[in-house]
Amino acid sequence: MSERKVLNKYYPPDFDPSKIPKLKLPKDRQYVVRLMAPFNMRCKTCGEYIYKGKKFNARKETVQNESYLGLPIFRFYIKCTRCLAEITFKTDPENTDYTMEHGATRNFQAEKLLEEEEKRVQKEREDEELNNPMKVLENRTKDSKLEMEVLENLQELKDLNQRQAHVDFEAMLRQHRLSEEERQRQEQEEDERETAALVEESRKRRLLEDSDSEEDTNPTQPQPALRPNPTAILDETPKAKRKAESWERSVGTLGSRPQLSGLVVKKTGLDTSIRRGRAPPLPGVMKNGQVAGPAPQMPGTSSLSQLGVYSDSEDSSGSN
């Protein structure tokens, strides 16, 4: 069984490499490569900013009739991410950089252009001095004259500053000393005010605490509530009333029957009239020329109690 990965191939004895047909590909053929934007640029069509490092699927080709020291120069075609306009740039092996060619403008290129301009002027001057010795002398004379003018201007500025700026160090130190004393005096006054405020506050707090302590030590003694005597109500209530109340609690009241109340006669009036041998005055009879009203009833007695009193009076009169 042969190996899967063969490194050497078999060439027959009659192999002739010249008979192998060669592919005729165009020299300006293009390849699709994946690359990143080499610098910041802005699209001329829509104004979209394309930042350095953005990835594109670009087409790559070799620039014809352009090279640097035998190194080929390549051109890349990309499309704007917004308007799909074509943007081209190519390599610059001379400056190890890329140059913008079409469809966009490179950003942050002012410093680079300035440096390139300075290099161009310096190179032209060196080339001119190399071919013309008199030009070298003229350039040296101009440089020395310019340097002397610069030094004179600098010295004039120094003299002008010295004439206009008279610095009195003693006055500066005196002013600084006065400002320090004023600051210390203000700080001392502020500390004294704070101390006085604290002392006053502590004094007021102490007075309040003393007044509170005096009130706590001498409280007003509350008058003890007089406890009522449980038997006082018995002394205040008459015996007849107590008897009527006990009767009402045990038997009931007849106050709702007005016909029985008319049969009751007071014991006191009947008893006294019988004992004295006089008839009791009848209701409605003139007394001293006036008509007497009906006999008043005691508000505190009931009909049954009056009936009991009447029966007692009859028993007493019968016994007599």
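Glycine residues also receive a Cβ, built from the backbone N, Cα and C atoms like all the rest.
TrEMBL annotations:
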- CYS43, CYS46, CYS80, CYS83: Zn(2+) binding site (BINDING)
- 179-320: region 'Disordered' (REGION)
- 200-209: compositional bias 'Basic and acidic residues' (COMPBIAS)
- 236-248: compositional bias 'Basic and acidic residues' (COMPBIAS)
- 299-308: compositional bias 'Polar residues' (COMPBIAS)
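Location within the structure of each feature annotated in TrEMBL.
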residue : record              : Cβ within 10 Å
CYS43   : Zn(2+) binding site : 20
CYS46   : Zn(2+) binding site : 12
CYS80   : Zn(2+) binding site : 21
CYS83   : Zn(2+) binding site : 12
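Sequence-ordered, the extra residues of this chain that approach the Zn(2+) site, with Cβ no more than 8 Å from the Cβ center of CYS43, CYS46, CYS80, CYS83, are LYS44, THR45, GLY47, GLU48, THR81, ARG82, LEU84, ALA85.
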